[in-house]
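Only one structure is covered here, and it is reproduced in the block below.
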């Protein structure tokens, strides 16, 4: 790949790799809690602490494909920097959700709600990128250039 192509996706790749490390951390927490409870064997049921860790991890895993899809679509079709920033914010919020779920379940609610809003923001960025592509294709006008012109004045 040439440097320009790598430059267009490097921030998205960094956020993706950070999310992989975070998933590993969550899985390690589940494994650690399972070993504390059952010795060496892994079971899905057990103490309340294990149930909370397992459920929090499962909830994060369930939302992960959606996050990756909208992160990369928003970054490639709209703008890499805001998409990567929103992706980092989502990872912080997901960490807050995970840790909050281990305590009182009401502590996880702000992380959950803000995470949904970040996913919506990335989705809207993706739609804006698709709309811009359609405008270029149909009318030959680039919406992104209009935004840059307006924002520099």
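Glycine is treated like the rest: Cβ placed from N, Cα and C.
Positions annotated as topological domain 'Lumenal' by Swiss-Prot: 1-8, 129-153. The annotation transmembrane segment is assigned in Swiss-Prot to 9-30, 53-77, 81-102, 116-128. The feature topological domain 'Cytoplasmic' is assigned by Swiss-Prot to 31-52, 103-107. As annotated by Swiss-Prot, intramembrane segment applies to 108-115, with the evidence given as similarity to another entry.
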Residue numbers, six or more beyond the limits of the intramembrane segment (108-115), whose CB comes under 8 Å of its CB atoms: 56, 63, 90, 93-98, 100-101
For the transmembrane segment (53-77), sequence-distant contacts whose Cβ falls under 8 Å of one of its Cβ atoms, 6 or more beyond its ends: 8-9, 11-12, 15-16, 19, 23, 26-27, 29-30, 33-34, 44, 83-84, 86-87, 90, 94, 97-98, 101-102, 108, 115, 119, 122-123, 125-126, 128-130, 132-133
Residues of the parent chain within Cβ reach of the transmembrane segment (116-128), under 8 Å, 6 or more residues beyond its termini: 63, 66-67, 70-71, 73-74, 77-79, 82-83, 86-87, 89-90, 93, 143
DSSP-assigned states of the topological domain 'Cytoplasmic' (103-107) in counts, ordered helix, strand, coil: 3 helix, 0 strand, 2 coil
For the topological domain 'Cytoplasmic' (103-107), sequence-distant contacts whose Cβ falls under 8 Å of one of its Cβ atoms, 6 or more beyond its ends: none
Non-local residues, at least 6 beyond the ends, that sit with Cβ under 8 Å of the topological domain 'Lumenal' (1-8): 76, 80
Tally of DSSP helical, extended and coil residues in the topological domain 'Lumenal' (1-8): 6 helix, 0 strand, 2 coil
Mean predicted confidence [pLDDT] for the topological domain 'Cytoplasmic' (31-52): 74
